[in-house]
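Listed in Swiss-Prot:
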BINDING   15, 65, 443, 444  Mn(2+) 2 binding site
ACT_SITE  65  active site, phosphoserine intermediate
BINDING   126, 156, 157, 188, 194, 263, 264, 265, 266, 337  substrate binding site
BINDING   402, 406, 461  Mn(2+) 1 binding site
């Protein structure tokens, strides 16, 4: 028999509140949290995976607030770009991708070359070497012979003088596959500027198109020459690899280019130099080239070029399903996490759904939040308590454990989680008076790990599990299974007796007797 539901149902997200070993560096176990511990002792609870493959990230990668809220709100694993592309390589769909295959075939049909340009490192922030190697495989499968790599050097997400090793790896891969050669190298300072320093982008573009730059007979020679001038990877000036005194390859009419960076912000300027018709940031040698240019992901909606992996459109996310049931909902957070309970929770959609109200509580104006660990948690609490009776569903975020956790100040993090616990107590009491259900969870870990093994401050997120507590007297005897963030939305719908849409692949955490 279905359990009657009193309104509102509240989903409370404690940002950066993970489950870690008790110890001196764990602000959560060190803090006085009587309300949180009382809920753990008295109500059904479980643990959720909030990092790595469970939230669409590479295995072992820590979670974050954007990804956490995206998965919670979507009710399914939302694969991030890096993971989506790597998954496509594994399942083979990469090699039938229309945009990528189209670029390779266009080069073949026009008697042109394929140019693969992007960041060559294993930093995993902007690009991935596996994606470059898969593009080489695709070109070989399609029978293309002339394939050239334009290697942008990192030195930021990896050590500052590590490029030689990555270039050797790429050259080894080219030899093993029997396809591809490095034609230019340059630091990301030039090729990946995002601050409208167009003179930098111009130097990168002219090296790629006109062969302008330092000359070297091999990538290793170019790197050596740069290091001798005390210029490390990020700042390596554009260098052109030559054969018999001429550039090995430049981008020409009839060629195809694939920009294999998956992160958008630092790929936009160079892309615009290639594809924009009314480009006026600098003079392009020979004007706009007639080439096939493909972006690996969508760098900007206004860029006129094919995209191999366009943004995912998430249908039937939790907010949409709640709206479709005719229910009123509230999203409330302070400034630091407002986008997370709105844009990210709604699957990357800016517009509210019908019946969805949003309330932003300003975050305090301090340089760092260890100066005010309470942040605006009490103000968020005051505001939500005033509005409990106006809504059917409320999503609330407390930012403190994450934002104060990032400062590395253990005492401040303890004060932060103690403030949140005080607020939990006030909200739980008000919800209990209404016999309304409260679901308490987190998006990723942070405050439970404030010390490195050597005693230094730890300021990053963690890969730890996060709590999930079902606070409702009618479910006191219920059992909950372990799961992942994708299972939160189906649990909300289960309690509200709303049909779970097929697009949600998560499952309710409530074990059916």
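Cβ from N, Cα, C; glycine included.
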Write out, in the order they occur in the sequence, the residues of the chain not among 15, 65, 443, 444 that have a C-beta within 8 Å of the mean position of the C-beta atoms of the recorded Mn(2+) 2 site.
13, 16, 50, 63, 64, 68, 69, 337, 340, 402, 442, 446, 461
Which ones in the same chain are close to residue 264 (substrate binding site), with CB under 8 Å and 6+ residues apart in sequence?
297, 298, 299, 300
Can you tell me how many other Cβ atoms are located within 10 Å of the Cβ belonging to residue 461 (Mn(2+) 1 binding site)?
24
Of 126, 157, 194, 266, 406, which binding-site residues come within 10 Å of residue 65 (Mn(2+) 2 binding site), going by C-alpha to C-alpha distance?
none
Binding-site residues compared (126, 194, 266, 406, 444) - highest count of Cβ atoms within 10 Å:
444
Comparing the Cα of residue 157 (substrate binding site) with the Cα atoms of the binding-site residues 15, 402, 443, the shortest distance belongs to 402
Across the binding-site residues (65, 157, 402, 443), the Cβ with the fewest other Cβ atoms inside 10 Å is that of 157
Work out the three-state DSSP category of residue 402 (Mn(2+) 1 binding site).
helix
Taking all protein chains shown into account, the Cβ-based neighbour count within 10 Å for residue 15 (Mn(2+) 2 binding site) is 26
Just the number: how many Å between the Cα atoms of residue 402 (Mn(2+) 1 binding site) and residue 15 (Mn(2+) 2 binding site)?
5
Nearest of the binding-site residues to residue 126 (substrate binding site) by CA-CA distance, picking from 15, 406, 443, 444, 461?
461
Counting only residues outside 402, 406, 461 in the same chain, those with C-beta within 8 angstroms of the Mn(2+) 1 site's C-beta centroid are 15, 16, 64, 65, 401, 403, 405, 444, 446, 447, 459, 460
Three-state secondary structure, residue 126 (substrate binding site) (per DSSP):
coil
Pairwise Cα distance for residue 444 (Mn(2+) 2 binding site)/residue 461 (Mn(2+) 1 binding site) [Å, integer]
7
Quick one: of the binding-site residues 15, 194, 266, which has its CA closest to the CA of residue 406 (Mn(2+) 1 binding site)?
15
